[in-house]
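Record features, source TrEMBL:
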DOMAIN    B:26-569  domain 'Cytochrome oxidase subunit I profile'
TRANSMEM  B:43-65  transmembrane segment
TRANSMEM  B:102-125  transmembrane segment
TRANSMEM  B:137-156  transmembrane segment
TRANSMEM  B:187-206  transmembrane segment
TRANSMEM  B:227-250  transmembrane segment
TRANSMEM  B:295-314  transmembrane segment
TRANSMEM  B:326-346  transmembrane segment
TRANSMEM  B:352-370  transmembrane segment
TRANSMEM  B:391-412  transmembrane segment
TRANSMEM  B:424-449  transmembrane segment
TRANSMEM  B:461-482  transmembrane segment
TRANSMEM  B:510-531  transmembrane segment
Ligand code: HEM
Ligand SMILES: [Cu+2]
Ligand SMILES: [Cu+2]
C-alpha cells in the first residue's frame, strides 16, 4: 500500500517543477489582491491597451500553465525510478511538428494584426487641432509652455511653467508637442498609458483624450543622468472650464511677474 | 570501443612536437597555450571571476532598491566611498550600467562561445584542435585589454560609465552630461571594442573549424545541437559585430574628435554646447540594436544547444525533432536581423516602422515555441534520470517558457508603450538570461566537468545547489513582472521618490533578501567545483553513458584530443536504440548490423 503510494507519488523534482505554474499563477492572484496591478487608467485609448494586455495575459497564461504542467507530468511519468517501460525510440513526429508550427504561427499573426489599430490610434493618427502645450525635458525637470490666448506657440503671450505641474483638460482631445533640451528623456504618464522618448532637435506629437479628472505622476522613463530618479512631474486633469480658468490664472501670475521684473 | 589508457594518446595522435623527453614549459602549456581546451578553460575561469564581480554590482543595485540611501555594509565603502557607504545616485546608475556590461560582455557571451565553444567544438566534431590555434589564443588574450580597461574605468575621475549598457547618446556622447560620461565612457567604448575583436576572432575560427575539420562521417546533420548553436552564433557574430564596432568608433570620434554622428544641432548638456551637430541620436540606437538584438541570441543559442544535448542524454531517448530544431535555430538567426526595432518602439522611430518590427518580432517567438515543444517531446516517453545537469536543463526549459511568453507582451506595440523601460522588461531578460542561459551554463559545467578535469563533481551538493538557486532566483525575478505591471520604472536610483511606488518597497526588500541569499548559496558551487578538481572521484571516459564524440576521448583529453582516429556512423542522439543491448549507441561505434523493425517516425 505505502509502497504503491510511494511509487505513484511524483518525485520531489517533478513536484518542484509543478511549483512553477502554481506559484506563478498565485503571484498574479496575490498581486491583484495587493493592488500591484495596472495602475488606474484615465484615458480612452488606455482601455484598449489594458484589454490587449489582459488578452495576451490570459492567452500566454494558458500556454504557460499547459506547457509547465506537461513538463511536470513528463518529469513525473517518465522518471526512470518508476517507469519500467522501454523508452520510445522516436526521433520526432512530422505531423506534430506541423501542428505546433502552424498553431502558434496563426495565433501570433492574429495578435500582430489585432493590435495594429490600437498602435495606429496611439501613435500614427494625430488629431488636427492646435497644440495644447509644449513639453520639454531637460536634466532634470519637465518644462511646459502653453500657447496662451492666441493659441499659437512661441508668441509673446505664451505661458511658461517650470514647476513640474502640467494642467490639461479632460473629456476632450489634447495634442502635445514634446521635445528635449539636452539628452534623451521619456515622457511617461502611467495613468494615461502613454510613453514617448523625447529627443533633442526633434519635435514629436503626443495626443490623448482623458476620461476623468485628478492628479497623476509624470515619470521620466529614459535614463538621463544622475538625477533621472527625481525627474518627476505632476499632471492635473481638469474640467475644460476649470482648465481655461487655470490657464488664465497662470497667465495673470506670469504677467505680474513680468511687470515686477520690468520695474 | 576504445580502451587505450589516456597517457598514451600523444603517440596515437601523432603530435611529435610534444613527444617524450622535453615537457613544454608551464607558460606555454597554461598561459600562452594554443590548445583549444586550455583556452576554453582560461575563458571559463575568467568569466567565472567576472561573474562574481557582476554579482557584487547587482547586490549594490538591490541594496539601493530595498533600503535606499542607507549605508551599505562592505560593498558600500568600495563604491560609495565619499558618502560613508551610502550609494549616491550617480554611483547607482554606474552600478546598473556596469552590472549589465560585465554580465553581457564579460560573462555570458565569452562563457558560451569562448569557454564552451572552445572546449567542445573540436571534441564534438572529432578534430584535434581549432583551425587557427594562434588566432584562438589571441581571441582570449584580446579579452585582457578589455578586462583591464573596464576594470580601470572604475577608478578614473567620475567613475565608470553611467549611461546604461545601451550607452545612448547624447548622454553618453557629451562629457558634460553625467559624471561617468567622462573618461569612464571612453574606456567603456574601448573595452567593448576589444571584446568585439576577441569575439570576431573566435567566430571566424569556429565557423572554419566546423565547416572544415569534421571527422570522417560527421555530416552536418550528425552534429550535436551544441555545435549547431555555436555555429549559428558564430555567423551571427560575424555579420552583426562589425556594425557595433563601427558605431563604437563613431561614438568615440563624437566624443574625442568633435564629429557629430549622434548629436543633433545645438546639442547641449549642463549648458555646455557640443562641438558639432547635424547628427541624430536615434542613429546610435539603430546601430546598437542591429548588433545587440542578434547578440541576445548569441547569448542563448549555444545554451539551447547544450540543453538539448543534456536533455536527450538523461531522458535516455533521441532528441525529438532534430531537424526542426536545427531549422528553428536558423530561423531565429535569420529573423534576428530584422527585429532590432522592437527595442525602439517608443524611441521616436517612425511608428509605421514599428509595425513591421512588431510583426517580425511576433514571428520570432515561433521558432522559440517550436524548440520548447521539441524539448518536451524529448522528455516524453523517456527514462528520466534526475542528475544535476539534467535538473538545470529542465529548469532552463521551464524558465525559458516564461521569458519567451513575456516577450510577446512587449512585442505587442500598444502594450509596450506602457511596459517599455519598466521592470517588466527587466523580468523578461532576466528570465531568458539568468534563469535561462545561466542555468544552462551551470548545467553544462556539471555535465562536461568530468571531461574538463577528469573527475566528477559531487551530485548531492550539486542538487542542493540547484534547489536553492532555483527557488531563490524565482523569488528574485518573478515579482519583477508584477512590478512592471504597476509601471515601476527601471534604472531609478530612488523609485520611492514617487509616492505611487512607496507601497512596493516591502516587495523589493523581499526580492533583495533573496538576491543576497542567491549570491550566497553559489558558494556551494564554488566549493564543489574546486574541491572536485582535486578530490572528485575519477571519471572514466564516458561517465554519463552518452553518445557524443567527446565522450570517446580520454578525460581529460590530451593534446590532440583523440587517441584513435574517430569515424562517425550516426547522430549523437541514438539513446535506447534497438540495435544495441545497452541504452546508448556512441557515434563512433560501428553498426551492429542487427535487423530492427522499420524506424518509427
Ligand atoms: C520569444 C522570443 C522573444 C521576444 C518576442 C522578445 C521580445 C522582446 C522585446 C519586444 C523587447 C523590447 C522591450 C522593450 O524594451 O520595451 C525585448 C527586450 C529584451 N530581450 Fe527579448 N524577446 C524574446 C526572446 C529573448 C531572448 C531569447 C533573449 C536573450 C537571450 C532576450 C533578451 C532581451 C533583452 C536583454 C532585452 C532588453 C534589452 C534592454 O532594454 O536592456 N529576449 N525582448
Ligand atoms: Cu530621466
Ligand atoms: Cu531584441
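Using the three backbone atoms N, Cα and C, a Cβ is placed for every residue, glycine included.
Heads up, TrEMBL stuff is auto-annotated, nobody curated it.
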Does the transmembrane segment (B:510-531) come near the transmembrane segment (B:137-156), with 3+ Cβ pairs under 8 Å (pairs 6 or more apart)? no
Between the transmembrane segment (B:102-125) and the transmembrane segment (B:227-250), do 3 or more CB pairs sit under 8 angstroms, pairs being 6 or more residues apart? yes
Which sequence positions outside the transmembrane segment (B:187-206), separated from its termini by at least 6 residues, show Cβ-Cβ distances below 8 Å to it? 97, 101, 105-106, 109-110, 113-114, 117-118, 121, 130-132, 135-136, 138-140, 142-143, 145-146, 149-150, 152-153, 156, 160-161, 167, 230-231, 233-235, 237-238, 241-242, 244-245, 248-249, 251-252, 255
Could you pull out which residues elsewhere in the chain have a CB under 8 Å from any CB of the transmembrane segment (B:424-449), counting only those six or more residues past its ends? 44, 103, 108, 111-112, 116, 119-120, 296, 299-300, 303-304, 306-307, 310, 313, 387-393, 395-396, 399-400, 402-404, 406-407, 409-410, 455-457, 462, 465-466, 469-470, 473-474, 476-478, 480-481, 483-485, 490, 525, 529, 532, 544, 550
Are the transmembrane segment (B:352-370) and the transmembrane segment (B:326-346) close, by which I mean at least 3 Cβ pairs under 8 Å that are 6+ residues apart in sequence? yes
Contact set of the transmembrane segment (B:102-125) with the rest of its chain, CB cutoff 8 A exclusive, min separation 6+ beyond the ends, reads 36-37, 39-41, 43-44, 46-48, 50-51, 53-54, 57-58, 136, 139-140, 143, 146-147, 150, 165, 191-192, 195, 198-199, 202-203, 206, 209-210, 213-215, 218, 223-224, 226-227, 230, 233-234, 237, 295, 298-299, 302-303, 306, 433, 437-438, 441, 444, 448, 451-452, 548-550, 553, 557, 561, 572
By Cβ distance under 8 Å, which residues at least 6 away from the ends of the transmembrane segment (B:461-482) in the same chain are close to it? 388, 391-392, 395, 402, 406, 423-424, 426-427, 430-431, 434-435, 439, 442, 446, 507, 510-511, 514-515, 517-518, 521-522, 524-525, 527-528
